[in-house]
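Checked TrEMBL, it gives:
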BINDING   Gly10, Ala11, Gly12, Lys13, Gly14, Thr15, Arg127, Val137, Phe138, Gly200  ATP binding site
BINDING   Thr31, Arg36, Asn57, Leu58, Val59, Gly85, Phe86, Pro87, Arg88, Gln92, Arg161, Arg172  AMP binding site
DOMAIN    127-163  domain 'Adenylate kinase active site lid'
REGION    30-59  region 'NMP'
Amino acid sequence: MRIVLVGPPGAGKGTQAAFLAKNLSIPHISTGDLFRANISQQTELGKLAKSYMDAGNLVPDEVTIGMAKDRMEQPDAENGFLLDGFPRNVSQAEALDEMLKTEGMKLDGVLDLEVPEDEVVKRIAGRRICRKDSSHVFHVTYSKPKTDGVCDVCGGELYQREDDSEDTVRKRLEVYHTQTEPIIDYYKAQGLVVTISALGKVDEVTKRAMAALQGDA
Ligand SMILES: [Zn+2]
């Protein structure tokens, strides 16, 4: 199965991608991992990406596409993959189609995780991270620490990352609406999109997603 996962920041895409990939026995290919792997292995594309990032510039689509192509050609991706974070705009989606067509392949489905905008803001802006260990994560509504502002695990101070502020979240959503959302229409035209609600418990969303993908495949 070749699947693309789409959804706004805060939809729990990474978590769902990991569970779905495991259930479907296909690799989870995330843009974040691609960048980290290429940069740490100092591949040509990794060096190129790093030069843009170090200069504070966006990495051009060709570089991201190149990394995705290399990854999709690995033996473990022969029977499918789940893409997370790629494509993130229509031009990347077109490049992906071209790439697959050359190999005589096509996508089987595009899973669209839907979350109301206010819920996204609530989820992200409510996050509180421990200053001593960033893996200690709390939420002012969903996962309250016993004492406000104090980490239950180690007693460290909890704070809100700048990336998680409401202003930043609204800006990230704006980028999602203008850049990424158009790929949903692009794929709808190919009859590939299944939309599910990303509200509720993680395992409930996974179940919903599996049913939607299998019903559609
Ligand atoms: Zn802590």
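Keep in mind that glycine also has a Cβ here, set from the backbone N, Cα and C atoms.
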Please give the sequence-distant neighbours of the domain 'Adenylate kinase active site lid' (127-163): residues at least 6 beyond its ends with Cβ less than 8 Å from one of its Cβ atoms.
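For the domain 'Adenylate kinase active site lid' (127-163), there are no sequence-distant neighbours (Cβ-Cβ under 8 Å, at least 6 residues beyond its ends): none.
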With AMP as the bound species and Thr31, Arg36, Asn57, Leu58, Val59, Gly85, Phe86, Pro87, Arg88, Gln92, Arg161, Arg172 as its recorded binding residues, calculate the greatest Cα-Cα distance and give it in Å as a whole number.
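Roughly 30 Å, rounded to the nearest whole number.
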Which is it, of Thr31, Asn57: the one of these binding-site residues whose Cβ has the most other Cβ atoms within 10 Å?
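Of the binding-site residues Thr31, Asn57, the highest Cβ count within 10 Å belongs to Thr31.
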For a quick check of understanding: given the listed ATP-binding residues Gly10, Ala11, Gly12, Lys13, Gly14, Thr15, Arg127, Val137, Phe138, Gly200, what is the maximum Cα-Cα distance in angstrom, as an integer?
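Greatest Cα separation within the listed binding residues comes to 19 Å.
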Need the DSSP three-state call for Phe138 (ATP binding site) to compare against my parser.
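Phe138 (ATP binding site) sits in a strand per DSSP.
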Please indicate, using numbers and ranges, the residues of the same chain that are 6 or more beyond the region 'NMP' (30-59) and have a C-beta under 8 Å from a C-beta there.
14, 17, 66-68, 70-71, 84-86, 88
Check the DSSP secondary structure of Arg161 (AMP binding site), expressed as helix, strand or coil.
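It is coil.
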If you count the other Cβ atoms within 10 Å of each Cβ, which of the binding-site residues Arg88, Arg161 comes out on top?
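Answer by Cβ density within 10 Å: Arg88.
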Rank the binding-site residues Gly10, Gly12, Gly14 by the number of other Cβ atoms within 10 Å of each Cβ, and give the residue at the low end.
Gly14
When you rank Gly12, Arg127, Phe138 by Cα distance to Arg88 (AMP binding site), which of the binding-site residues ends up on top as the closest?
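Going through Gly12, Arg127, Phe138 one by one, the Cα closest to that of Arg88 (AMP binding site) is Gly12.
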Can you name the residues of this chain that are 6 or more positions from Arg127 (ATP binding site) yet have a C-beta less than 8 Å from its C-beta?
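For Arg127 (ATP binding site), the qualifying residues are Val137, Phe138, His139, Gln160, Arg161, Asp164.
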In whole Å, how far does the CA atom of Gly10 (ATP binding site) lie from that of Thr31 (AMP binding site)?
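If we compare the Cα positions of Gly10 (ATP binding site) and Thr31 (AMP binding site), the gap is 16 Å.
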